[in-house]
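Asker: The annotation transmembrane segment is assigned in TrEMBL to 98-123, 160-182, 194-215, 227-246, 258-277, 343-361, 413-433, 439-459, 471-495, 507-533. According to TrEMBL, the feature domain 'Major facilitator superfamily (MFS) profile' maps to 341-555.
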Amino acid sequence: MDWSCVANRWTGVAASIWIQWSCGASYTFSIYSPILKSTQGYDQSTLDTVSVFKDIGANFGILSGLLYSAVSPYNNLRAENDTGGSPKSKWTWLGGPWVVIAAGVIQCFIGFMFIWASVVGLIDPPPLPAMCFFAWLGSNGQTFLNTTNVVTSLRNFPQYSGTIVGIMKGFLGLSGAILIQLYHTFCDRDPTTYLLMIACLPTFICILLMFLVRIYEVYNGDYKEHLNGFSLVTVIIVAYLMFIIISQNFFIFPSWAHIFTSIILMVLLALPFGIAIKAHSEESYQVAQVGKLDSTSSSSAAGDKVEYQELPSDAGEVPVISDDMLPPEEEMNLLQAMCTVEFWMLFVTMISGLGSGLATINNMSQIGQSLGYSIKEINNLVSLWSMWNFLGRFGGGYVSDYIMHRKGWPRPLFMTATLGIMILGHLIIASGFRGNLYLGPVLVGICYGANWSLMPTITSEIFGVKHMGTIFNTIAAASPLGSYILSVRVVGYIYDKEANKEDNSCFGIHCFMSSFFILAGVAFLAFLVCLVLHFRTRRFYKLVVLRRLKHSVRY
């Protein structure tokens, strides 16, 4: 049996998609938080404490980045030339991306199984620090899976990094909506069963597919068509989920309807494997054709088979055919990156831009109530936020790739534009006019999601891929920090100040107007910082990143 028919970079994408949609349990805390609160005897403040540790775990990905760098060493060109293939090291036989996936899924399983056991009474109610630790542990496993899928996919598809990262981040954003549909179908609205499901389902999927997620040999060729196939399936799935979510808010689905809609969803989620089989078949045929040319002309083989690899620091010593030599790309580690201005610019952008986006979704229900929206309208707005978030994550990567390849515009410029649109979204929410929540949160949600695709891609382009997982996850730690400052210290503080002291409720435009003017100002700060980042990196993108997309290193 030809193992490459099963394990190749295309089936690796399909496997990563399945792992991504299965690991977003941290987005569904509202499903099991009521049963956790009642069985453990928590008040709201205590439950919020558990939720905070859950959020910290879901955003603290530095450990996953360090582990990925250790077990998936960067394969440079010189090493491949010397060994005639992938470089051999003591880690090559012991590690690989599957090790990071295994570490992550073990955390998920232990964390959520502990919570499930405490809820159903298998163990005595644990002390609060223990519950917080296991909530952190279960959610932190998500960062291990996400880091592996994003970085591995980026290394397997270097020409269209924005598109592939958008697909990976998009399915992570959709995971909450997908898991909730499975909850309606298989858990009979029982939160305890759902806790067991989110402990076991990712474990089963990861064990089944994790060995397909590897760093594969990359061949020259136009593989954009097949990536577009994955993109089309992604859009179809989000459109289907949007239809189901809206329908469920207007109609009561019987059990057979939930089963039927879930079967269709599973069929749609299986389509990436069909695309992967077709893509690998066509790529294998192209490689075979190159082999035939090799038998007649060794120079032809040298010109047709190309490996897209990140350039090492001594790339000038590698013989190339093209006279237009690509500048070397520097691979920085975390400490080197932290010594650059660009790192802290991205960090500030993450705090200000993504922090203001998180503050918006965290207060969506209260904003709707204060402006007189109905419960059904608020539920629709909250449900659809995940769709806008997805469109931003997917569209941000896809569109940024398009404008880089067609227009030559650097990615930081596109991110600056999204932050400018986010400012407009905050101002629309602050205005308080009737129907403002049907426009403002859409703009904020799309731009918020776009930044989650653009940030890791820009990080890899500026600092290199070798330690990209560690560097990006360090930058991403700014997101919950920004959310805490803006949600609690700004939006929450002003709301409490404006609220009725008797029942702590507030109705009217004044409840959130000042808050969102402040959020607009914070987003404007992110806009200015990102604009400066664009001007600082404009020459680098022109000399290195854009030219790397147009030229191939040939041996």
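Placed from the backbone N, Cα and C atoms, the Cβ positions cover glycine too.
Remember, TrEMBL labels are computer predictions, not curated facts.
Are these features on the surface or tucked inside, and what touches them?
Answerer: Same-chain neighbours of the transmembrane segment (258-277): 8, 10-11, 13-14, 17-18, 21, 178, 181-182, 184-186, 226, 229-230, 233, 236-237, 240-241, 244, counting only residues six or more beyond its ends whose CB sits under 8 Å from a CB of the stretch.
Mean per-residue pLDDT, taken over the domain 'Major facilitator superfamily (MFS) profile' (341-555), amounts to 86.
Below 8 angstroms of C-beta separation, residues 337, 382, 385, 415, 419, 422, 425-426, 429, 441, 444-445, 447-448, 451-452, 455, 458-459, 463, 471, 475-476, 478-483, 485-487, 490-491, 519, 522-523, 525-527, 529-530, 532-533, 536 of the same chain, each at least six residues beyond the ends of the transmembrane segment (343-361), sit close to that stretch.
Residues 349, 353, 356-357, 360, 367, 371, 392, 396, 399-400, 403, 439-444, 446-448, 450-451, 454-455, 458, 509, 512-513, 515-517, 519-520, 523-524, 526-527, 530-531, 533-534 of the same chain sit 6 or more residues outside the transmembrane segment (413-433) yet have a Cβ under 8 Å from a Cβ within it.
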Asker: Compare 98-123, 160-182, 439-459, 471-495 by their Cβ pairs under 8 Å to the transmembrane segment (194-215) and return the stretch that comes out on top.
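Answerer: It is 98-123, which has the most Cβ pairs under 8 Å.
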Asker: Name the range, of those listed as 98-123, 160-182, 439-459, 471-495, 507-533, that has the largest tally of Cβ pairs under 8 Å with the transmembrane segment (227-246).
Answerer: 160-182
